[in-house]
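Per TrEMBL, the features are as follows:
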- B:5-22: transmembrane segment (TRANSMEM)
- B:28-46: transmembrane segment (TRANSMEM)
- B:58-75: transmembrane segment (TRANSMEM)
- B:81-102: transmembrane segment (TRANSMEM)
- B:109-127: transmembrane segment (TRANSMEM)
- B:160-179: transmembrane segment (TRANSMEM)
- B:212-233: transmembrane segment (TRANSMEM)
- B:291-313: transmembrane segment (TRANSMEM)
Amino acid sequence: MQAFLDTFDIFLLEAIVNGILLGGVLALLALGLNLIFGVIDVTWICYAELVMIGMYGMYYMVQVFGLPYWVAAPFAILLVAALGAALHYIVIAPLLTAPPINQLLATGGVLFILQSFATVAFGIDFRNLGIRLPVLAIGEMHFSYSRLLAFAAALIGMLAIYFFMKRTYTGTAIRAVAQDRQIMSLMGVDTKRIYLITSALGGALAGLAACLLVLQYDVHPFVGLSFGPITFLICVLGGLGNFVGGFIAAFVFAQIISLGGLYSDLEWGYVLAFAFFIVMMFIRPAGLFARRS
Amino acid sequence: MNSRYIAWAVGLAALVALPFVYREPYHLHILVLILIWSFAYTAWSIMGRFGLVSLGHGGFMGVGAYVTALLWNHLDVSPWIGIPISMAAAGVLALVVAYPCFRFRITGHYFVLVTLALSGIVLQVITATRDYTGGSLGYTPDRARSGSGLMALQFDDKTTWYLIALFVWVVGLLIWRWVDRSMSRYAMEAISEDEDAAAAAGVNVTAEKLKITLISALMTALAGALYCQYQMFISPDTVSGIAVSLQMVFAVIVGGLYVSLGPTVGAVITIMLAEVLRIGFGTKAVGWDNLVYGVLLVIFIIFLPKGILGSVLDRLKTQPKPSGTK
């Protein structure tokens, strides 16, 4: 047992820290999806595909047009925010009164559209920014700066959203709509406008995630499939629309993937995470932190 | 009513006779694919029409295809035994996931996302066990020695496959009709309206849902196994995973969820569309077919939620009929 610990604890510690770093970005993704669900009551199945488009936006601005990363990032965030607003305006708004399943499937159609649009427009090659950030070495552990940066930026992004929701009039209106959408329109809140703003915010979060993920991963049309499903599971595990739950669930999932990947292939990390999700669904069907009604 | 049976009989006879008069291999190939996928889509619609939207059917299909092929390659088990085993495996999987779902009242978004996790798991397990399944590169069942094609359920002849697929497709439609005429249908419709009210009216909610899920999963696994035997090549992307699940949902919605031939119409439209685009654009078509798919899906859900066939039938019914035809 001691020998086992000696050989593995340094890797274990590294895996745990990397898991926390991964959790930051996952929490950011989950926050965007939760925001949309909590306020508009719609699940964007295509959320990860918005991120993919944002990653391509970054690639083109940095690699093709030669913009510096820091200049390109705000544009990418704006681009995906506009895309989020457009998605709401074109697809979700006509379906607001339709059964929830239809809304879900319509965004599934958008998933097809975005994926194949990327295939047609950008080809199926793997592309990357060509930016290599240095690796931070502490003792025998190695952490890439891109992950640290992603973690920090994700935290800042989440804090910004938190203060926006708490301190501004629009943010308060969004929270109020999330609590009761019928009453708020009677109180003189333009719910249509709130929905659009929320969608743009959700898109902006996806854009921020895109800027961070593109530093770590190559972008290709199907990159969304590698973290999209996980994001939904995180949101469901935390309770759809429950921001704090989603935040914690993101770190739980990231640890499972990271530790599972340590002892075996990364796929088994994902299998473990999926299996954990199904088991948890049966124990806490309404999410980890559901208030018992 | 009698004229309907006659129409069905004539249509069936024409379909059975078709490969004996028309032998163009490419067109037969397309027809076989349409029939197999129609069967899979019908299987999905048996559940989907009652609001049980599952994105886990890609998983059932993958289990059906891979278990059959793995048993044949590694243990020399004939598909005649392997297919029932794979169906049973998919059935067990369906029960293991569905029972707690229904018992704990996981419905709507949550049910969709739990089943999504299921197809995610199946896809990842197939990819992770690449030493046995070939991973994402795909998997080919071993060719049978000549003369034992029947035992291995491998036929080079397209006509044989066409007849097998036709038979299975008809069985699928009969099951659909049987469910449509059974008490389960009324029970399930009551459940999809209001579970509490249905339970209060004496419907065993969990049992009824499980029954429908099991039927649907078994059929989907059979479709996966047949697809594997026919194509002699499977890969995680073509028979399992979220993309396949969404493809099923899409085809059924386009064709029509609430009519027996809806999934078939959906399969005809989607497969023809993919083929036409593939031939029309040549190798440039990568992605175009899915782009058109996606746009159509969104348009259909917004404007024609009952699907093509459903809307056409509705239109016919509401038109005043000239006297004497009924």
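Including glycine, each Cβ sits where the backbone N, Cα and C put it.
Here the listed stretches are B:58-75, B:109-127, B:160-179, B:212-233, B:291-313, and the one with the most C-beta pairs under 8 angstroms to the transmembrane segment (B:5-22) is B:160-179.
Highest Cβ pair count under 8 Å relative to the transmembrane segment (B:58-75), across stretches B:28-46, B:81-102, B:212-233, B:291-313: B:212-233.
Here the transmembrane segment (B:28-46) sits apart from the transmembrane segment (B:109-127); fewer than 3 CB pairs are under 8 Å, leaving out pairs fewer than 6 apart in sequence.
Remark: the transmembrane segment (B:160-179) contacts the transmembrane segment (B:212-233), by the rule of 3 or more CB pairs under 8 A. Contact between the transmembrane segment (B:81-102) and the transmembrane segment (B:212-233) is present: at least three CB pairs lie under 8 Å, with pairs separated by 6 or more positions in sequence.
Within the same chain, residues 32, 36-37, 39-40, 42-44, 46-47, 50, 52, 54, 57, 60-69, 79, 82-83, 86-87, 89-91, 93-95, 98, 102, 138-141, 143, 153-154, 161, 164-165, 168, 172, 175, 179, 184, 188, 239-240 sit at least 6 positions outside the transmembrane segment (B:212-233) and bring their C-beta atoms closer than 8 Å to a C-beta of that stretch.
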